[in-house]
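Notes to accompany the following structure.
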Amino acid sequence: MAETTTHVAEPTRRDFLYIATGAAAAIGGATLVWPFVQSLAPDAATVAAGAPVEVDLAPIAEGQIVKVFWRGKLIFIRHRTPEEIKAAEDVNVASLRDPQPDSARVKDGKAQWLVVYGNCTHLGCVPLGQQGEYHGWFCPCHGSVFDTSGRVRGGPAPINLPIPPYAFASDTKVIIGQEATA
Amino acid sequence: MSQHSTTYVPKSAFGQWFESRLPIAGLIHSSFIAFPVPRNLTYFWTFGAILAFMLVAQIVTGVFLAMYYTPNAGMAFQSVEHIMRDVQYGWLIRYLHANGASMFFVAVYIHIFRNFYYGSYKAPREVLYILGVIIFLLMMATAFMGYVLPWGQMSFWGATVITNLFSAIPLVGETIVSYLWGGYSVGNPTLNRFFSLHYLLPFMIAGVVALHIWALHVPGQNNPTGIPIKSGKDAVPFTPYATIKDIFAVVVFLIFFAYWVFYMPNYLGHADNYIPANPAVTPAHIVPEWYFLPFYAILRAIPDKLGGVIAMGAAIVIWCFMPWLDTSKVRSTAYRPLYKQFFWVFVGVCLVLGWLGSRPAEGWYVIASQICTVYYFAHFLIVLPVLGFVERPLPLPNSILESVMGVQKGGAGMPAGANAEPQSKG
């Protein structure tokens, strides 16, 4: 390579052009990453398939847990017995890992219906219903225990089973994926 | 040792013409023919060649499987059964590929523990060693995504459990997971991208393997004494000595491999994976493949989601710090009487962790996992740094030759080939 003989202390116009060109290339390259990363996100068809779903509650007997899917995610709809509701309400909320009263996890006047996501908040396994110390759910994968309000009571799960957005269209029909106000 | 390469002169006129344009024959000659190999290497040093063979075998069998496999959530399971039942020798190619992954890990674990025992990770081989850790991480990612492809129950739930690990990251975890899935749960987009990456990663492994071998050829191989080559009498040329020995070792390893393929091809898998994926039912007991079990046990030992994920990651990342955590100047454990005991305790702890990972997460299994996890990290963070100061190592031999032939016997009765490539280590 030829020796350059320019030992100029002052920045020249050429230095500016070098830096400007380099900066444009760096910003352009970084910008091009964006569409590739964004292409990994859920696509339009997947988003469209995530529209709210209606579930008829009439056939669900007391004490029964029904599994439905919304956005590919499993949801438990549990028709709770009076004993299960009482067990969920008679808990010292402050003693819970993720403190939440039962009343905050059901709709007003519909305490018999518990609607929760059906994947363990630890690593996503499906907990088994009516099992475990509190007869709520027990996760067979890593031993998380949930009560009849879907709240975590033991094991590695960090939080309660989350409540999906849902609203009662009538006494026997819920729309999962729709906020109560809508 | 990089300076031994200059002697290669092609004999034919074409060879000389070609060599002056692309000196690849000279590179092969210096790397795999004239390259000096310590004369005292044991069969534990043949696993690098076995691993190179396994990488090629996995790529070849994988390319043929990809000709029939369909990466679609509705068709993947059927296409794998189609390979097993309808494609000529499809059963063989699939069993070679599935068991090949296990054999790959058998070989890599022997390779890794050989490295731990003989201190191969210490200066001047730190970069060589860290490249190896990177290869191991890429292998784990490749194997995990490959196991998802048949879209059986264990595929689906394994994918769910492992991708959900990323949701433990504060704030951005949920977003990262939905970008991994390409949806709101593990589904068809997930399967598609896993197939794409499963095909890509082996070639990335091949690239890092090339760097790994390059970095190996700078300081040369470690050996059972841990002391470097000091003269030509300590070494033999790579070809024929290492070449033939490696080929023999690969053949013996293939017999072991073939035993699994032909006599118990499903032993290392899970029966649940012959049930098509069902997002409404979890298998009674989700277990990863055997080669992930020790890390899975560490994950489950911590009763906190983020903590468990960090511990599992740290269990491998901590390997990268071994060259600096180990304060002993002596490489080979053969001359470290105290460390030798700790080494075997560590091997035992890893095996127990593996067994615990296969057990359900309940009762005393959890407590045992926690004890073993603490010991696992203590080995790196306490045993390795402290032993270097308190241990009195055994006297090292003056040379590799002396360790093989005994003192005062230099040269007598040596095969002529041993001196074929005289060296002086500067």
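A Cβ is built for glycine as well, from the same backbone N, Cα and C atoms used for every other residue.
Note: TrEMBL annotation is automatic and uncurated.
The domain 'Cytochrome b/b6 N-terminal region profile' annotation in TrEMBL covers B:14-225. Taken from TrEMBL, the feature transmembrane segment applies to B:43-70, B:91-112, B:127-149, B:161-182, B:194-217, B:238-262, B:306-325, B:337-357, B:363-390. According to TrEMBL, the feature heme b b562 binding site maps to B:His97, B:His198. What TrEMBL records for B:His111, B:His212 is heme b b566 binding site. Summarising the annotation, TrEMBL assigns ubiquinone binding site to B:His217. Positions annotated as domain 'Cytochrome b/b6 C-terminal region profile' by TrEMBL: B:228-398.
Non-local neighbours of the transmembrane segment (B:127-149) in the same chain are 62, 69, 71, 76, 80, 101, 104-105, 108, 111-112, 115, 120-121, 155-156, 158-159, 162, 190-191, 194-195, 197-198, 201-202, 204-205, 208-209, 211-212, 215-216, 218-219, 288-289, 291-292, 316, 319-320, 322-323; each lies 6+ residues outside the stretch with a CB under 8 Å from one of its CB atoms.
In this structure, the C-alpha atom of B:His198 (heme b b562 binding site) lies 29 angstrom from that of B:His217 (ubiquinone binding site). Spatially close to B:His97 (heme b b562 binding site) yet at least six residues away along the chain are B:Gln58, B:Thr61, B:Gly62, B:Leu65, judged by Cβ distances under 8 angstroms. With a cut-off of 8 Å between Cβ atoms, the residues of this chain six or more beyond the transmembrane segment (B:161-182) that come close are 144, 189-190, 192-193, 286, 288, 299, 305-306, 308-309, 312.
Counting only same-chain residues 6+ beyond the ends of the transmembrane segment (B:43-70), those with a CB under 8 A from a CB of the stretch are 76, 78-80, 82-83, 87, 90, 93-94, 96-97, 100-101, 103-104, 107-108, 110-111, 114, 118, 146, 149, 195, 198-199, 202-203, 205-206, 209, 216, 221, 223, 245-250, 253.
For B:His111 (heme b b566 binding site) paired with the residue listed as 'ubiquinone binding site', the C-alpha to C-alpha distance reads 17 Å. Of all the Cβ atoms in the protein chains shown, 20 others lie within 10 Å of the Cβ of B:His111 (heme b b566 binding site). The Cβ neighbour count for B:His217 (ubiquinone binding site), using a 10 Å radius and every protein chain shown, is 19.
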